[in-house]
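Q: I'd like to ask you about the structure that follows.
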Amino acid sequence: MKTLLLTLVVVTIVCLDLGYTLTCLNCPEMFCGKFQTCRDGEKICFKKLQQRRPFSLRYIRGCAATCPGTKPRDMVECCSTDRCNR
């Protein structure tokens, strides 16, 4: 009986989806050191560079469910591994 119980526990642990959470940089600066753990469904890290006016750039980094869209003069890079949006 103990063997059966132990076997069931081992099978449950092996089959259990422990859930992987992605970690992405999340800050508006060019050089960033703040990280966030992405929520369920967010499997993409992104880095967006917006050109507001000549010589004025804005950086946006974070997690997303899909790669964000762009406007003219924007640049977006998307990736799917931890801290890949440097």
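Placement of Cβ uses the backbone N, Cα and C atoms for every residue, glycine included.
Since we're looking at a predicted model, the values are computed, not measured.
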Q: If you check Swiss-Prot, which of Cys78, Cys79 bonds to Cys84 via a disulphide?
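A: In Swiss-Prot, Cys84 forms its recorded disulfide with Cys79.
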Q: Can you sort out which of Cys27, Cys32, Cys38 is the disulfide partner Swiss-Prot gives for Cys63?
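A: Matching partner in the record: Cys38.
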Q: Which one of these disulfide-bonded residues has the most other Cβ atoms within 10 Å of its own Cβ: Cys63, Cys79?
A: Cys63
Q: Using Cα-Cα distances with a 10 Å cut-off, which of the disulfide-bonded residues Cys24, Cys38, Cys45, Cys79 are near Cys67 (disulfide bond)?
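A: Of Cys24, Cys38, Cys45, Cys79, within range: Cys45, Cys79.
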Q: Return the member of Cys38, Cys63, Cys78, Cys79, Cys84 nearest to Cys27 (disulfide bond) in space, with distance defined Cα to Cα and candidates limited to these disulfide-bonded residues.
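A: For Cys27 (disulfide bond), the spatially nearest of the disulfide-bonded residues is Cys63.
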